[in-house]
């Protein structure tokens, strides 16, 4: 007896005994109210048990208001019956037992049923069994499952073991794009990923603008030209045609439109066949994975081209022709090229995906980079950078693909609001990331769709300010605050000037809204919000009008980097001192970056991603306050 007069007894064996009996009832078909038909095989179960385990089945059962004969029927035509039986046993006993040959099928079934914990355990098991012989097949599987976290770990393994992997049958059977790169005198191919980014840009241009199928590009050796100013040109430039390049607006169109021709790219033959399984993969993925030097001027690269895992063979040879560039340029010596390769090893680790219009924030001494868009798609993947290990890892992806949004940390959790999903749809929905559970949770929607809005945490509330109208052409004055306790949105005083793509940040209890654009005209004006009296005040204007800039508080001041001035992506940086109400210019970044992310990580200012006017970036660089300079090297990260 307890002092309050209640009897309290806990039977430690009851739970195990009960679930064992329930599982026995399931196997004998007793009291079952759901029939699972898996590829013609019938499995009986109890809806209450399955609904507690599987969000997918919960939604189905919740919508099934009139089951025939009191028994619901759910059909699965794409799952392994044995794998489903494994998951049913898990649902009843909390024990996962699967033969090693069945793990990938269990993973697929867990993904379908939204059993995230089981999916994660199966993924970790597969990784533990991966070797150079199985790496390619594992990568194909992870791609077919669209598992960004698993892909990231497999790609990391491939980068470390490419030489051994390249000797395996699975690698040798991959489709192959053969390139001959013409070089100016005294030039060598650079041994870094930038060359392959340019190659991927060329492939995309051929597929999108010329309508050539990928299979056709792989039929013959393709000729490209690498000039002394480190630009890659189409081989037809030798006959005077245009350079391989494009603008950010072109890239944004790629995000919103489907290709002019969608084909099932099927070939035959061991040397370059495109397998049926590959054709089912995500056709929107473009990625450089790894490369190795095979001879003095030849490289082997593993990449993903429009969702297809393939090999790119590059061989460089001196061009008998003159440079197609109209601008004279200084030739770099082979020694200089070798120095570039040495420096490449010391560069800060790039993100797995190039991203522009992404959300970034510092959380628990790590850098979070979420969503954004690249040349092909709007992303939902999220990466986390650990400065101690200099590595990016995937965390749980967002529920919705989104770009052109901002991110803020409030009460130890990450919030994202609005943006665009890449299909010309402005978003009103938002999400919150719980780092303890590694999951994204939906939050109450905004009252209106908001793309290119600023997001900021201030006085334990989340503020969303400005943004673009539904047509995406005019800025808004709207300002709204969200209370995470009451889950309610409240309208605040509007801005003085309509703005979209403004940089927004909190400093000393005030919210600053910096630059942006009213329609297409970029702004240099800055407004400051006082939450105590709900008023906006104009403060000193920036030196450079810009939209899509990054902003962060560093050493008690506002640092604004990059952006777009209406004509060019910017490298320039300026800082605002609230004590003097003045802006001054600082050292420029090493790369122009529009719509990049900016955050302070371990007292170091870090810029990541963005668009440089020609390419989407996955690189990072950091600022040295004492030297007033930016650097992309690991050494600079530790010396700030």
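Cβ coordinates come from backbone N, Cα and C, glycine included.
Marked as compositional bias 'Low complexity' by Swiss-Prot: 267-278.
Swiss-Prot lists 32-100 with the feature domain 'BTB', giving sequence analysis as the kind of evidence. Counting residues per DSSP class in helix, strand and coil order gives 33 helix, 15 strand, 21 coil for the domain 'BTB' (32-100).
Annotated domain 'BACK' per Swiss-Prot: 135-186, in sequence order.
Among the features that Swiss-Prot reports, region 'Disordered' is placed at 257-278.
Positions annotated as repeat 'Kelch 1' by Swiss-Prot: 366-412. Mean model confidence for the repeat 'Kelch 1' (366-412) is a pLDDT of 93.
What Swiss-Prot lists as repeat 'Kelch 2' is 413-460. When the repeat 'Kelch 2' (413-460) is classified with DSSP, helix, strand and coil residues number 0 helix, 23 strand, 25 coil.
Summarising the annotation, Swiss-Prot assigns repeat 'Kelch 3' to 462-509.
Marked as repeat 'Kelch 4' by Swiss-Prot: 510-556. For the repeat 'Kelch 4' (510-556), residue counts in helix, strand and coil come to 0 helix, 23 strand, 24 coil, using DSSP.
Here Swiss-Prot flags 557-603 as repeat 'Kelch 5'.
Annotated repeat 'Kelch 6' per Swiss-Prot: 605-640, in sequence order.
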Could you tell me what the rest of the chain brings near the repeat 'Kelch 6' (605-640), counting residues at least six beyond its ends with Cβ under 8 Å?
-> 197-198, 201, 245-248, 251, 343, 346-356, 358, 360, 367, 369, 372-375, 385, 387, 390, 550, 552, 554-555, 559, 561-562, 568-569, 573, 586-599
Run through the repeat 'Kelch 1' (366-412) and tell me, per DSSP, how many residues are helix, strand and coil.
-> 0 helix, 23 strand, 24 coil
Take the domain 'BACK' (135-186) and count its residues per DSSP category (helix H/G/I, strand E/B, coil), listing them in that order.
-> 31 helix, 8 strand, 13 coil
